[in-house]
There are 6 protein chains.
Amino acid sequence: MRSGGRAPNALRTVQLTPHVNKYAEGSVQVEFGDTRVICLASVEEKVPPFLKGKGTGWVTAEYAMLPRATDQRTPREVTRGNPSGRTHEIQRLIGRSLRAVVDFTKLGERTIYLDCDVIQADGGTRTAAITGAFVALVLAARKLQAAGVVTDMPVKDYLAAVSVGTVNGTPLLDLDYNEDSKAEVDMNVVGTGDGRLVEVQGTAEQRPFSRENMNALLDLAMQGIRELITLQRQLLGLLE
Amino acid sequence: MRSGGRAPNALRTVQLTPHVNKYAEGSVQVEFGDTRVICLASVEEKVPPFLKGKGTGWVTAEYAMLPRATDQRTPREVTRGNPSGRTHEIQRLIGRSLRAVVDFTKLGERTIYLDCDVIQADGGTRTAAITGAFVALVLAARKLQAAGVVTDMPVKDYLAAVSVGTVNGTPLLDLDYNEDSKAEVDMNVVGTGDGRLVEVQGTAEQRPFSRENMNALLDLAMQGIRELITLQRQLLGLLE
Amino acid sequence: MRSGGRAPNALRTVQLTPHVNKYAEGSVQVEFGDTRVICLASVEEKVPPFLKGKGTGWVTAEYAMLPRATDQRTPREVTRGNPSGRTHEIQRLIGRSLRAVVDFTKLGERTIYLDCDVIQADGGTRTAAITGAFVALVLAARKLQAAGVVTDMPVKDYLAAVSVGTVNGTPLLDLDYNEDSKAEVDMNVVGTGDGRLVEVQGTAEQRPFSRENMNALLDLAMQGIRELITLQRQLLGLLE
Amino acid sequence: MRSGGRAPNALRTVQLTPHVNKYAEGSVQVEFGDTRVICLASVEEKVPPFLKGKGTGWVTAEYAMLPRATDQRTPREVTRGNPSGRTHEIQRLIGRSLRAVVDFTKLGERTIYLDCDVIQADGGTRTAAITGAFVALVLAARKLQAAGVVTDMPVKDYLAAVSVGTVNGTPLLDLDYNEDSKAEVDMNVVGTGDGRLVEVQGTAEQRPFSRENMNALLDLAMQGIRELITLQRQLLGLLE
Amino acid sequence: MRSGGRAPNALRTVQLTPHVNKYAEGSVQVEFGDTRVICLASVEEKVPPFLKGKGTGWVTAEYAMLPRATDQRTPREVTRGNPSGRTHEIQRLIGRSLRAVVDFTKLGERTIYLDCDVIQADGGTRTAAITGAFVALVLAARKLQAAGVVTDMPVKDYLAAVSVGTVNGTPLLDLDYNEDSKAEVDMNVVGTGDGRLVEVQGTAEQRPFSRENMNALLDLAMQGIRELITLQRQLLGLLE
Amino acid sequence: MRSGGRAPNALRTVQLTPHVNKYAEGSVQVEFGDTRVICLASVEEKVPPFLKGKGTGWVTAEYAMLPRATDQRTPREVTRGNPSGRTHEIQRLIGRSLRAVVDFTKLGERTIYLDCDVIQADGGTRTAAITGAFVALVLAARKLQAAGVVTDMPVKDYLAAVSVGTVNGTPLLDLDYNEDSKAEVDMNVVGTGDGRLVEVQGTAEQRPFSRENMNALLDLAMQGIRELITLQRQLLGLLE
């Protein structure tokens, strides 16, 4: 039995609260159950060296957790001097996923930073971060459109992410921390509004998994992504 | 004229929202106007090496700002590899201030970490952090009392902090960012429930200041601290 | 047309040269075409703190490239002071993959380090590293068995990895650098001797991909893994 | 009884030995009793990025202690990789204090570095450093004047600093290390030749302090600063 | 008796295998017995800041060991964040030695990086690295000549290096690790094709040594260098 | 003509001023002309891990320069986060040299740190540091003897160091900075009271040097070392 009597294929309660920061060009607080992430989009009028003078833009992400976002306090990464491997992996994943739905020519020669700071963690922080960062990105793009800096919406399609996993042989959607720590297989999936895939990262946590198990998990993830995108659409409407 | 028609000796709207985190032993979100800081108290059952085996405890603080807490995005300190001088200075101030009202024998051989993370900054983040961290500290102490881990309340007196400064020759209470950036003199004051002082840090930003000016600022600060402690008391009641 | 007239579903020439180092408990040089990686297994009679006293062992991996393993010289990571995000991601993948086929109770309370150093890179360095590290791991385990330190073979099943990708709409097996840089979708797959999966990491490099495309790539990868394991088996025989 | 029979309001023997380095544009060794600091002023013909092209200059300070400046050897900060919080705090204080008496337009677009290296520490190193750095700064400014690089003396007023503190309820001037370690309140004050204040940093070391105590300490500090400036004036004469 | 019955004045078997890397402008694997170093020369069309615009070039070296190049696994230097003192010392020695035989005007405004990576270490890694790096340097220079980028051979004379030492009172040439760890005196000597010296670094490991002992070691080293240069000449022929 | 009319084989004026620090177990300021180094010996009652429990001691050295010890201000190494290659090389040399004359069994299980801080640099800082550190070491050893902590003098013989070099074809003793920067060959030599050698580090700065040149430089260095040891002996007397 899942916490709160949730069905195996049910998402946790998802909340998207926009405009939570008065400075950022786009901002949203995303909640997947008790997982809570502030996603802020900041526009800077410059690009990384490898894009200078090409007329196209860039999107990059940074991810961090407050020390007590977790059950046990985790020391700040600045104390050890550099981001952990886990942090690197997650922020690379967020940036790569969002770039998959951006038309950089339409964005023009500027960078959008997506800062995803986990205020409270209960499993699925990276997928909540991607789902929230997408909203912040669209809000920032609209601000650029409203200011006449950008003509056409540079975001091409909706994008959301969800975790799935096998616990005691049962495929589950949107694992909380407790489920995640017992999962035999753990998979993070990023997908788009037109039903395609952007990232699939499946990992055998306890034992190798079969192709059939993988397919069941992917089915579940794609259903969850459709539901998340429905929620995003209620907030953002048409991308234009 | 101050923003929102505020009088020179008026605080901004101050909010203390407790229990904003499900893991921390004590938690509060503190707002001084648009300045918003999450203060979390975490108890760890160990002490720094210099206190080991002495039966007394420790309180320490860490401070950070989300990258887009500020008008312009500030790169994360983990990117440059270590906390800035400003961060060091502020977190040392917070820790030192709170230790001034703790009875470490009553706390016993354990450490309370106070993590102050600035979600949005509009001046006075360090004084808001001290004011909020005090609340988180008391909440954590009460949790230790409730669990029977600690017998007597280890916090001896109320504690709050406020900034004051001289702008265009006028002493002002609780400066916002815009005022702070124009101040000739800038002072942070930490005081206790019995009207005494814990820290006074006054700095000539543009020109040296007279002893009279200093006295006027201190008067203003002590009034502000009394008001802040009244708010804390409404939330926390007697320290016992 | 692929380089050397290779068929879309053909591996490059794969070589596994064992015993390339006189100190390491297990050593192999693995080549996938012009990609050349030295994989060394080192046994240390201690475990990470979280395993101390539990009687079970650990396997971990480190990955690096010589500065001129690549077409343009890449500065050493020690110069910038810490491993890049890419390095973190790869060495975490290698370690996690190998741990999936190890019985840590049979290994006993000791750690096997797998150092994968890329001497020359032409695409697929992480999958070559996993395929080679598996061989080094088995050689080290056999040395422990021969010395009577370990009784039963702690490696439970064969393991190999390969990259697949879609280039100009065509699914290709084992991409070289030139193909990889043009791929629309890029996927790294780690699988076992019994035909199951350990890791699937698929990424849309240029545009989101369909479920069908994903299935075609997985088919190709699983075929490649079978062939790689056949080569490993010729060298290592039965795992017992 | 204070060491050497010193009165509560007496400074230790203060010595200012100029021209202790053959390369620096300004140099002085300052001694407050057994506290000994070498203060060197170095002129560089460039300014920090935020001042480039504005025609005005900058003054900045760095502070360090030799490892055996203290009773117990302190490891070098380069060994741990970055300056400690204490070092950051002190060098920020020194730089800020000196900038309060500099006319940057008269200095022109150049930077003066003030390096304060503590050769031997016996309390009050930061206040000795400020007092000595002021002398080095004026000597460097005179060298610039003599060379015709700068027309008018860019230093507007004298500046000195002293520590005060309450020990066993008695306010004391210029604490040595032994007194400092027992002080209930510790205050560092920086003041100018015209009797105004530049920095006041008061800290409750053991218990909160009253406004009256603060006033008594400030009186004592302002007297000490007057005496220190008298000594500086004997060495430097009129600032013109 | 030396390992393998080697005479006191005999080198170990020395092998120079060129062209071991498909990207580097010059590459060689050098072996002194079981010591094995990959030396790669990389040409970059820029120079350090202090040479910019002067029309002359630069040669610099980097040195590293694979973790299991040694009998016991040595943690990677990137893990501790910076190169060790030993690494600094060796790479400075390699760069300085090679610069002694380069005509930088003939090289033109470009830098040649010499990366020396020790694959397996059995004593004498720095002298093997210098001997091999010389070959890689000449191969790179010839590639520049062949491409018409450089007109005249910028390498002026042959260069090789060897270690000598006193073990049980007997001067030995080309110490392996076992001999090196027992040596009373240890000396590394770098010399040229015309019989002159570039570096002499002699160190008393266990007790101070006499001038006579030093002379005997230098004689032995100069003989070894002549033999090494004979081997280099067989591979490279005339420097023109 | 050398500065001050000095003969080619003449040392600069050398001064050894003992007891310059009130905390260190041994302290001396050493001057070779305008080169000025403070050498402090600190005793700590512990040893590095590899010596724990063996009953023998250790001697180690650290070296640094004040930023304005040099003609142009050099940024502090703590700013870049770690000691430079030059610093590593020098402090390793100082420590190794001094260890060559210490009987670690007589010292007992404790460490002597030798901190050599260059206050002003005019060539030969490392040789002045070794010469001064030797004096500080003996003073500290005598303090340990006087306190009854150590029975027999653990320093076995005198030790001093000097630089020599060839300038315009002439061998010169004890080069100042100006001579050093023009030297064709540069050699640092460390020797003992009984006329033996501890370190010889000769480097071709501009062109390779002959064996004859090397011999002439060594003769000159050994003469200089004898004279330096005479000065040390006048201060310290018999080592007993």
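For all residues, glycine too, the Cβ spot is worked out from N, Cα and C.
The domain 'Exoribonuclease phosphorolytic' annotation in TrEMBL covers B:11-140 (among others).
For B:Arg126 (phosphate binding site), applying a Cβ distance below 8 Å and a minimum sequence separation of six or more within one chain yields B:Tyr63, B:Ile90, B:Leu93, B:Ile94, B:Ala161, B:Ser163, B:Asn188. DSSP classifies B:Arg126 (phosphate binding site) as helix under the three-state reduction. TrEMBL lists B:Arg86, B:Gly124, B:Thr125, B:Arg126 with the feature phosphate binding site.
Per TrEMBL, domain 'Exoribonuclease phosphorolytic' is recorded for B:157-224 (among others).
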With a radius of 8 angstroms around the mean position of the C-beta atoms of B:Arg86, B:Gly124, B:Thr125, B:Arg126, what other residues of the same chain does the phosphate site pick up?
B:Tyr63, B:Ile90, B:Val118, B:Ala121, B:Gly123, B:Thr127, B:Ala128, B:Ala129
The domain 'Exoribonuclease phosphorolytic' (B:11-140) [mean pLDDT, rounded to integer]:
96
Cβ atoms other than its own within 10 Å of the Cβ of B:Thr125 (phosphate binding site), all chains, total 25
How many neighbouring Cβ atoms, not counting its own, are there within 10 Å of the Cβ of B:Gly124 (phosphate binding site)?
27
If you count the other CB atoms within 10 A of the CB of B:Arg86 (phosphate binding site), including all protein chains displayed, you should get 15
Do you know the DSSP helix, strand and coil residue counts for the domain 'Exoribonuclease phosphorolytic' (B:11-140)?
45 helix, 41 strand, 44 coil
